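Worksheet for the structure shown next.
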Amino acid sequence: GWPAYPGSNGIRSSVCQKKLGCGSKNLASLGVCKAFCLGRKRFWQKCGKNGSSGKGSRISNPVLAHAVEKASKGLIKVTDMAVAAIVKYAGKK
């Protein structure tokens, strides 16, 4: 099935960034976070509440929609971990 539509306010990039805490823990993750939120917004604008507005578009499928919403939950954790690892590694040289 198609995941719940976050609502016209919920798909806004600024709302997404706030919800994910973009850059709050780690400024280096801000760029990745912003890019993700913009992509997510475009996805929802294109695909709508149930993918119907993107007829024939391969991007509007439930698997991708679920992946987008799942990614928003895991993205920042992963980014922060990666950044921390890079900083740690860079400091060793």
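Placement of Cβ uses the backbone N, Cα and C atoms for every residue, glycine included.
Here Swiss-Prot flags Cys16-Cys37, Cys22-Cys33 as disulfide bond, drawing on similarity to another entry.
Taking CA atoms as the reference points, Cys37 (disulfide bond) and Cys22 (disulfide bond) are 10 Å apart. In this structure, the C-alpha atom of Cys16 (disulfide bond) lies 9 angstrom from that of Cys22 (disulfide bond).
A helical conformation is recorded for Cys33 (disulfide bond) in the three-state DSSP classification.
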